[in-house]
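Feature list (source: TrEMBL):
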type	residues	note
DOMAIN	2-413	domain 'Neutral/alkaline non-lysosomal ceramidase N-terminal'
BINDING	HIS94, HIS203	Zn(2+) binding site
ACT_SITE	SER254	active site, nucleophile
Amino acid sequence: NYLLGVGRADCTGPVAQVPLMGYANPEQAAGGLLTRLYSRAFIVADPDGSRRVVFVSADIGMVSQRVRLQVLERLKSKYGDLYRQDNVILSGTHTHSGPAGYFQYTLFWITSKGLIRPTLNSIVNGIVKSIDIAHENMKRGRLFINRGTVENSQINRSPFSYLANPASERSRYSSNTDKEMVILKMVGEDGQELGLISWFAVHPVSMNNTNHLVNSDNVGYASYLFEQDQNKGMLPGEGSFVAAFASSNLGDVSPNTRGPTCANTGESCDNPQSSCPVGGAAMCMAQGPGNDMFESTRIIGQNIYSKARELYETASQEVRGPLSSAHQWVNMSDVSVELNATHTVKTCKPALGHSFAAGTIDGVGAFNFTQGAVEGDPFWDQIRDQLLGEPSNETKACHKPKPILFSTGEVRTHHCVPW
């Protein structure tokens, strides 16, 4: 048995006139509320309470270092050395419909139009409060794990790029997306059902970049369904049972299962340029299974919820053994990797390539950029060099064959804040 605690707290923040975080579109500002955003916390501790791990899944785009450091600071002042760098895990569900402005880097400030303190404070307060509630409600209980396959809920959003992977690697998988869901079930010693964490790879972008309502997207809707089911008669966000649908390896996984179509003609724009015959790339938008983005969000959320419910009901494999956690800082721009006995290579300073600007079928970029591009464009390179300076030869060589659009690891502007 372990000591288990679960908690949930609101972390919504401002819902009007702040840019949304995810599609990197400064014009996509919030204009109201569709669903509130929550932080969901889970604590697992050894029976004597000595070693423990906290896992938090919050309805936000992603966790910034600024959020993490502020949360840890608050926990330290309240609990001393109980909750630390190495045993607190913070995770964002990756909804693209939450407020922006809580990062410390210039690149994010460009699209969020700077730091937005009300957003930052709401997220930090919500995360800390959810951990407080979990901490106060700890009781003896058991953990169970289960896994299964989710169908009809995701596609690869850059299949042309995926095909550039070696055939030997692709042959290891039955599909170009990971369809496995893993769930963790928490039950009190007295039989009280405490909570669930589900991990499944899907982007919460059923709500597209024309949306202006703050919401938790498909995975948030799955949480809502599970919690309403368990907390009978309670309002959303109330009740003791906590269900998190946390992000996993969702990189190129889209919930928009009908793929990219031209908004004006309805025909497919599933091509490397994501371009439509009339209107070009601006008209190309991936469609979910519903008649509109609201219905698509419900359908995908319902699919994920249904599978999690089935796995939850049938979970019989108990998790046992001692608890452990670790934390490591890694400078990802300076890691050596041994390829074989004679070849060692090194990672590079970060840089965004031309294909970054192409976007994906869930939110196509501007101009004439192409997904998976390995050739630069003299026109854009010249503009880049004039605005930000030319990337160093070292960075160019290190990223080859990727043509560099922004050498973010080498740009220093705005009081020397790194990009």
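A Cβ is built for glycine as well, from the same backbone N, Cα and C atoms used for every other residue.
Note: TrEMBL annotation is automatic and uncurated.
Considering other CB atoms within 10 Å as the measure, the emptiest surroundings among the binding-site residues HIS94, HIS203 are those of HIS94. Looking at the domain 'Neutral/alkaline non-lysosomal ceramidase N-terminal' (2-413) alone, the prediction's average pLDDT is 93. Here the CA atom of HIS94 (Zn(2+) binding site) lies 12 Å from the CA atom of the residue listed as 'active site, nucleophile'.
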